[in-house]
Structure formats: structure tokens, C-alpha cells
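Everything below concerns the one structure shown next.
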Amino acid sequence: MGNCLHPAELSPSTQNSSQLNSDLWNFSYDGNDSFPDVDYDANLEAAAPCHSCNLLDDSALPFFILVSVLGILASGTVLFMFFRPLFHWQLCPGWPVLAQLAVGSALFSIVVPILAPGLGNTRSSALCSLGYCVWYGSAFAQALLLGCHASLGPKLGAGQVPGLTLGLSVGLWGVAALLTLPITLASGASGGLCTPAYSMELKALQATHAVACLAVFVLLPLGLFGAKGLKKALGMGPGPWMNILWAWFIFWWPHGVVLGLDFLVRSKLLLLSTCLAQQALDLLLNLAEALAILHCVATPLLLALFCHQATRTLLPSLPLPEGWSSHLDTLGSES
């Protein structure tokens, strides 16, 4: 296969066929008629398929494994801190929702090796579909949880609005599961690699998945920023609660944008005139995917930083929950 940089060479059979056609042409038209010269080499170069180098190929396996291990360790540490008895992170506003963010990050970290290239050709389509389901399901759930945490803020405290956290959790994870159905049905194993399937029969599923990613990863954070700015401009209150956790969308926003562009190109709704443009889009797809994968390491760090800042501010002014005062008195008497 050739590409825009290295054209495909003719095989011997193709060369013989071309020579035969040329001989027949010269034999049939041996008169004084003149015909325009045609640059067959230039036409061949233009017709050669455009080929892009995949950054996330077998050589990227160490990257997948390292990110998976670090993500599992970091998410597990954060979950331990959240559920550790009498630990001050439980005073963090909306900590049950934040703990679910760590769960989503851990789930993503676990399935990263399943979708990683270079682990052999033994993976089945069912395993790949499950991997994509958890991959995108955890990401969708984290984005929706962040949106609710930003919108409701301190109201998500477990003791302030009974049942709100549980109801939101079930609803948001359910919505995330529904949003993963298109990519789950439109993915499988090809040549031993887990990959989304692109075909006319699956075009509706591909379009639905692209729209879901665009809505959750791109439009949701833009909507939060817009609501924040609009409420502030109109003096209608503080608006969505802006904090360091919003940096999570930096890891998935490019993925949503580039995935939408790729779907438009595959559907021929957006035409790329040059091979270089197609190669640039493929490169952006790889970079956006790598950035999205890194979120499973960054999310626990963002959670730790947020809870550290929140508890440092709130701890002196908040009344201690039942059981904390006796625990602190015991520590004071021992000292």
C-alpha cells in the first residue's frame, strides 16, 4: 500500500498489463493523430491511498500498562481516604459523589489493558465490547457527576438532603450506561485488536456515539461555563460551583471534538482535500485518545487537591459530627 509520501509501486502483473495496453494503443492508432500526453506517474501518485502512522500501536503498550497501574493505585488510595473512619475528607462537600468519581477512574484504569494494543490476538469481540462499555461508561458517569457536583455544590452533602445523593447516583450511572450502548454494539475485535467498527450498517450507532461524546465532553462544560458567566453578569447568584475538578474536562474535551470531526469525515459530510489534512486528523485522534487515557491518573490527584483545599477551609468552622469529638478528646488525653 502506498501513501501520499511514498506512492505504491506497480506489481509485475500490473506492469505487464500496462505495457500490453500501451502496445495495443500504439498499434491501433499509428496514424498522424496527436493525443495529449498524460502523466501516468502523477495520476498514480494522486490515486495512491493516504496512510497514517498510528501512534498508539504495539509500541505504546508500556504507556497503557503504566497508566493503568498508576490509575488503579491512585484511585484506590483516594477511595481509602474517603471511606477511612473519622477521616477529615468525609467533611468534604459532596464526598459521596466525589468517591464515585474515584470509582469511575478506577474502573477506567482496570479496562485500559483490555483495549491496549500489543497483548496478543486472543481477545474476543465480546471482551472488546465490554471494554468499550466500561471505558466510555465510566467517563460519561464522571462527566455527569462533575456536572451535578458543580450545579448542586454543598447541597450534595449526605446529611443535608436525604436521598438526593443516592437518587442522583443511580440516575446518572443509568444514563451513562445508556449512552454507552452505541459504542458497545458498534465495536469488536479486528485482527486481535479492539476497535470500533465502521460500516454503513452501523452508521446510526456511530452517529449516536459521536453526538453523545460531543454533548457530554464538549457541550456540558461549555454550558457550565456559560451558566456561570451569565448568572454572574445578570447578578442572579454565584452560578455553578467552579473548582479545580473542572480541569477533568481538559482531558476529554479534545476527544469529543476530534471524534465529531472524524465522524463528519467518514460520513463525507466534511471533505479533506489533501492527504496531509487526513494525516493531521489521525494524529489528533491519537493524541486526544492518549490525553483521555491520562485522566485516570489525574482524576485522583484532582480529588485529593480539592478535598485538601475544601477541608482546610471548612474544618475550623464546621461542627464536628457525632463521634468525632470523643475521638479527638481521646487523642488529646493520650498526648
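The backbone N, Cα and C atoms fix where each Cβ goes, and this holds for glycine too.
Swiss-Prot records a disulfide bond between Cys275 and Cys50, which is the match among Cys50, Cys53. When Swiss-Prot is consulted, the disulfide partner of Cys128, picked from Cys4, Cys53, Cys194, Cys213, turns out to be Cys194. Swiss-Prot assigns Lys228 and Arg312 to topological domains of the same name, so the membrane does not separate them in that record. The two recorded residues Cys128 (disulfide bond) and Cys50 (disulfide bond) have their Cα atoms spaced 27 Å from each other.
The largest share of C-beta pairs under 8 angstroms with the transmembrane segment (95-115) comes from 63-83, of the ranges 63-83, 129-152, 207-227, 287-307. Ranking 166-186, 207-227, 244-264, 287-307 by CB pairs under 8 A with the transmembrane segment (63-83) puts 287-307 at the top.
Each residue of the topological domain 'Extracellular' (265-286) gets a DSSP state, and the totals for helix, strand and coil are 14 helix, 0 strand, 8 coil.
Annotation: Cys128 carries the greatest number of neighbouring Cβ atoms among the disulfide-bonded residues Cys128, Cys275 [cut-off 10 Å, Cβ to Cβ]. Its own atom aside, the Cβ of Cys194 (disulfide bond) has 24 Cβ atoms within 10 angstroms in the protein chains shown. Across the structure, Cys50 (disulfide bond) and Cys194 (disulfide bond) are spaced 22 Å apart at their Cα atoms.
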